[in-house]
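Asker: Got a structure here, written out as structure tokens. Questions coming.
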Amino acid sequence: MPLPAEKPSRRKHHAADVPNGTGGGGRGFLSVRTVFCGVAVVFTICSFQLVLLFSHTDPAYESQSQNARLWHYLQVHEANLTALALQQRELTRLMGQLNNLLVGQQKELHQVEDQLAQQPSPAQLPVANLPEGSADTAVLRKMKELKKQHQEELNRQYNEIAKLQAAVSRLSSDAPAVPVQTMPPEMPTEAPQSPPEDPGSEKSPSPPGSSAEWPEQWLHRFSASDLEASAKEAEQWRLMARNAAIHAWKGYRERAWGKDEMKPVSGAPGRVWGNTGLQILDALSTLWIMDLKEQFDEAADWVSQSLKFDHPAPVSFFEITIRALGGLLSAHALSGRPIFLQKARELGDKLLKAFNGQTGFPFTQLNLRTGEGKKGWYSGVVLAEAGTVQLEFRYLSQQSNDPKYAAAGDRAMRQILQAENGQGLVPWGLASSGPPRFTNSHITFGAMGDSYYEYLLKMYLQTDRSEPEWINAWRRAMDKMMSRLIFTSKGGLTYIAEEKNSRTDHKMDHLACFVGGMLIYGSRQINPEDVDSRWEQTAAGITETCYEMYHRQPSHLAPEASRFNPQGVRGQDMSVWNNAGQYLLRPEAAEAIFYMFYYTGDPKYRRWAGEIMEAIEKNCRTTHGYSAVTDVRRSPVTLRNEMETFFLAETLKYLYLTFVPNPRTVLNLDDFVITTEAHPLRIAKVGKANRQQRFLGK
């Protein structure tokens, strides 16, 4: 706005000089007189103005102040006019947007009306992607009603799809295997995609209430209403397990982020396993399965930005393989994100240096920075450590298209089988030099022997049942185990004993509880003609015994090892072995219960798992996580201020999967094989020649 024009100021005009004419004395006089008169008039006027000026000083100043105020008001008015103009332009723009929005909604409504007119069946209607907000309230209300109807119809169709998938799965299980070409190494099979959902909400497990949601094997023994009631009962435990994972992760995130382990009572960093953020790597698959995607993403960011493998001190080759390498590979198998495979290859290249070129067995310890391998506490080779890396190394070869990883792991397993030489059960100690041979006589399914037997079965299933050498060795071991190590007390407890110097020791580690899950897994997954009818009954008996390890203690937590009296009646047939009363948050009993529930659907397994979950929540929860317990025979318990990474990786994962309505909708064992650290890896369903090339390097 232009400023107002200034008032014209009074100017003094000098009288013009009149030129002299001729003959003009009088004319000159008149000119002088005129000038004199003019000067007098000017003097008089100026004098009068001076008098006025001195007699009216305040009004002059007052007039000056009024002018200043006037200018201020004019400037404010100008600013208001400018702001009003801007608001008018913005209002015009918004009105245009609202008009376009209304036109778009009307078009959407007309399309829906046309579809309703053409296809009256609700099943044919697509879900309208309706914009939010409108000036037309009636139109918006109607469209929201239609959207709700469409969503309900979409949910019904998802249920129908699940029913068809179940039918296809049953048909495919009876049909001969069809070779499928494997994908390029950098393009792994993606995890099944879920329907779009609210990013801030929890992904709900398959809703119960329809028989289509229940496996056919379950419906042979239980009605749909029984299974629905079981699922509703287990929902409280499912949420308890999920919230436990959130609580433990939060404590670790706040107090020990990037460290290998956290002390749950004090919140301080725990033991150093390899300075690789081991808790992060070990928890990745659990976070994904529980749909804790925000936590999974922050873990993935740490892996991408901060994960290094350069610890200068020796680390456990076995633990780093099953926890760190397995965790990365499983995160890749579940999410398909290349960063996990990239980091796994980086670690795998370092771990390859641990394998002894002469014996084929890995050294117990490895320096990640220098690549130097060395022996650990045992002068020889531990059976479980040499025979529990194959699933991880094979998956790495299959996905990277580099056979060197699988070749190293498979060579170690074949060296064990050369020493086994058809005898089935084998001691846990192997020589570290010379030809493959055993150096002690201690046969156990507990510490130092356990997962070798587990991996024989799972290597066979990982390669889609194409390599019989592994299943043959596993069946030999199971036959000997059934005849030499399986006992049932007079009180009805089925357990797995140990052998030392050919003498039976009626002691069973909590670690050995995995056998219950392994037996039913083998019974349901291998070829029916290779199944021993005793396996499933033994699996059920061992799993019940492991539950009793918890149930009979005052804390409802299980000891590290138990002693059995085969002649003892109920209540006198099991006790804590050699004061091994500590509970270390171990997963093996929960693992066996999960497998039994997965294949049978029996609600009792959920209740057993629920009792274990409640005991953990009651006794082990701390400010920052969950703690191991010193003695399960005492209540209240004394905490050890230890939380190993397998609590998040295994214990809570198995419990959670037991509580979801149908575990197959979260993790299908026809598509995944689970490592000894509970990390799911995808099964390679490929042609035999390609399978041999990828896994065995041939």
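Glycine is no exception: its Cβ is also placed from the backbone N, Cα and C atoms.
Curation does not apply to TrEMBL; its annotations are automatic.
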Asker: Which stretch, out of 1-23, 553-575, is listed as region 'Disordered' by TrEMBL?
Answerer: 1-23
Asker: Determine, on the basis of TrEMBL, the cysteine among CYS513, CYS620 paired with CYS546 in a disulphide.
Answerer: CYS513
Asker: Would you list, in sequence order, the recorded positions among GLU319, GLU560, GLU588, THR676 whose CA lies within 10 Å of the CA of CYS513 (disulfide bond)?
Answerer: GLU588
Asker: Say you check the Cα of CYS546 (disulfide bond) against those of the recorded positions GLU319, GLU560, GLU588, THR676; which is nearest?
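Answerer: Result: the closest of the recorded positions to CYS546 (disulfide bond) is GLU588.
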Asker: Ten-angstrom check, please: count other Cβ atoms within 10 Å of the Cβ of GLU560 (active site, proton donor), all chains counted.
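Answerer: GLU560 (active site, proton donor) is surrounded by 22 other Cβ atoms within 10 Å.
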Asker: Let me know how many other Cβ atoms fall within 10 Å of the Cβ of GLU588 (active site).
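Answerer: Excluding its own Cβ, the number within 10 Å is 23.
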Asker: Spatially, and counting Cα to Cα, which of the recorded positions is closest to GLU560 (active site, proton donor)? Options: GLU319, ASP450, GLU588, THR676.
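Answerer: Of all the candidates listed, GLU588 is nearest in space.
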Asker: Return the count of C-beta atoms lying within 10 angstroms of the C-beta of GLU319 (active site, proton donor), excluding that atom itself.
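Answerer: Counting Cβ neighbours of GLU319 (active site, proton donor) within 10 Å gives 19.
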Asker: How many other Cβ atoms sit within 10 Å of the Cβ of CYS513 (disulfide bond)?
Answerer: 30
